[in-house]
2 protein chains.
Amino acid sequence: MAGPVRASEEGLIARYFAPLAGPGADGLRDDAAILTPAPGHDLVLTADAVVAGIHYFPDDPPASIARKALGVNLSDIAAKGAVPRGFLLTLALPDDWTEDWLAGFSAGLGEAAAEAGCPLLGGDTVRSGGAALIGVSMMGEVPSGAIVRRNTARIGDRICVTGTIGDAALGLRLRLEPEAAWAAGLDPALRAMLADRYLHPRPRLAAAEAVRRHATAAMDVSDGLAGDLAKMLGAGRSASIDVAAVPLSEATRRARAAEPGLIDAVLTGGDDYEILCTVTPERLDAFRAELAEAGIALAAIGAVTAGDDPPRFAMADGAARVFGAGAFSHF
Amino acid sequence: MAGPVRASEEGLIARYFAPLAGPGADGLRDDAAILTPAPGHDLVLTADAVVAGIHYFPDDPPASIARKALGVNLSDIAAKGAVPRGFLLTLALPDDWTEDWLAGFSAGLGEAAAEAGCPLLGGDTVRSGGAALIGVSMMGEVPSGAIVRRNTARIGDRICVTGTIGDAALGLRLRLEPEAAWAAGLDPALRAMLADRYLHPRPRLAAAEAVRRHATAAMDVSDGLAGDLAKMLGAGRSASIDVAAVPLSEATRRARAAEPGLIDAVLTGGDDYEILCTVTPERLDAFRAELAEAGIALAAIGAVTAGDDPPRFAMADGAARVFGAGAFSHF
């Protein structure tokens, strides 16, 4: 189990990660960092890991992998109405890791962290004994008591999502089946957009303040709209969703026109990293207007109803669908 | 990459981990928790992961693995003079995980967390695609500005360690070689003590306040005394250590008497989870007295000197040893 040094963890940290360290991290020369929320604020904590071969392709560019590992956590922070403050990194490397890979990874990590204003505060580097795993624990900040919870929607609330749904799921399919018939009519720009949505989450940090001011409940869509909606509602609440109102990109609209059955992938595929939330009907317009000012589209896709049934998705042809245990899961 | 649900992550969380959730974690029903330090306090953040086959034996009892995963982080928190407040868990399970294993793991985790007053606040469960990995990010609390740093020792400070050194390293050796000649004279109780020191870190939480009040620099000993001492000193500082003053348990003293060469394993083996720290000579007695009141022995083993050489270990026979790149590393 124990053995002599193979590669200096201290050396790797000093070279690749110390330049990313934020205040409180003491240049990563210590085993711990300090962080203090602003007066009158709570820290919001979340942790999400990505694993090679499960959450990303092992041959994805290392900078993209870093961006995904950070993005899936930033997305959680934003959905809680919080502002990111910093993160801890647990990097488990396979035996065949290379310095090139690590250089690309740390460069991408640093870029994504700087964009989000979310510096590295510490972490751990270990051998994984198998696939690479990148675990991030992220700290954000909200005014005291203002975190937007997941299970707090009320019957009658409108259900909303930011951006567009399903692009990442189709981007993943396209990567697995580049010759898929449904993609034949997509030009290179549309194909690239879908691929990019899978590869690079775009956490909705700019939506956080409006979510905090208006949403009665919120979460990010990471495991598919249908499954995440069911999780958000919890016991005693259901929903009716107008599938025609679910916002789709031009690429996804075209793909669906070519193969209508793709709507299942759109509604249950993962990796959207949009914000799913509820608002009271009276707040909907103000919420939408504030998000529009932040450059983020908001679509109202249904309403919270009473009951313990899974959410009902009303299709354009009048049929109603439910998506139960078939929801996407990374686990 | 994506697939249908194989096991419900939500179900596992509700069954095994929700009972461990602390205030602010909302019963683990959300993707985030809140935590706020007491007024006038900073949060102290640390992250350490343990991997099956690297940091522990895959067939270790799952409750012991949980205790180790938590203990190595609690040890870092204590060495910074902080009090634990909570932790996030990243649990990466191999494909052959069982509910029995998870039940044992969560039971051990809950017990260790309760003992330390450090509840579970959230986390993530993923498939590892290989060995099990348990990543913990832990939050502690210190009075503002009072964190005890690693690289702040001053020339002339005394170097101290809590407890005894080398037991875990010998416990590991004994496990790998139960018939080792050096262990022939150890009775079952002494053998069990060594084995236990390897299996179950005993984080020095009770030392934290005295460390905070007196130490000029501190870290926990996880990668071996010699290597960790070199890390603590940093540039421009060295140390002279009196090996005869390094505190050894009865088991380790006997083992070393049988095989004098074991002193290398004692000084460079990992997993001690004692606190290594420095104090000014004037503070040594008060520091030792406060620790004694907390039931913790403190040994002064040397002094901080000027220079960039590795620490010198003066052996009983008058020889001086240095331990450079041979230090133990988990990486």
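Just so it is clear, glycine is given a Cβ too, placed from its N, Cα and C backbone atoms.
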- Query: Per TrEMBL, which one of B:Asp59, B:Asp60, B:Asp76 shares the Mg(2+) 4 site with B:Asp31, B:Thr46?
  - Reply: B:Asp76
- Task: Using B:Asp124 (Mg(2+) 1 binding site) as the reference point, find which of the binding-site residues B:Asp31, B:Asp48, B:His55, B:Ser222 has the shortest Cα-to-Cα distance to it.
- Result: B:Asp31
- Specify the secondary structure state of B:Asp124 (Mg(2+) 1 binding site) as given by DSSP, simplified to three classes. strand
- Of the binding-site residues B:Asp48, B:His55, B:Arg150, which one sits closest to B:Asp31 (Mg(2+) 4 binding site) when you measure Cα to Cα? B:Asp48
- Ten-angstrom check, please: count other Cβ atoms within 10 Å of the Cβ of B:Asp48 (Mg(2+) 2 binding site), all chains counted. 29
- Determine, to the nearest whole angstrom, how far the Cα atom of B:Thr46 (Mg(2+) 4 binding site) is from the Cα atom of B:Arg150 (ATP binding site). 13
- Is any of the binding-site residues B:Asp48, B:His55, B:Arg150, B:Ser222, B:Asp223, B:Asp271 within 10 Å of B:Asp76 (Mg(2+) 4 binding site) (Cα-Cα), and if so, which, in sequence order? B:Asp48, B:Ser222
- Query: Which residue counts does DSSP give the domain 'PurM-like N-terminal' (B:30-142) for helix, strand and coil?
  - Reply: 36 helix, 45 strand, 32 coil
- The binding-site residues listed are B:Asp48, B:His55, B:Gly123, B:Arg150, B:Asp271; by CA-CA distance, the one closest to B:Asp223 (Mg(2+) 5 binding site) is B:Asp271
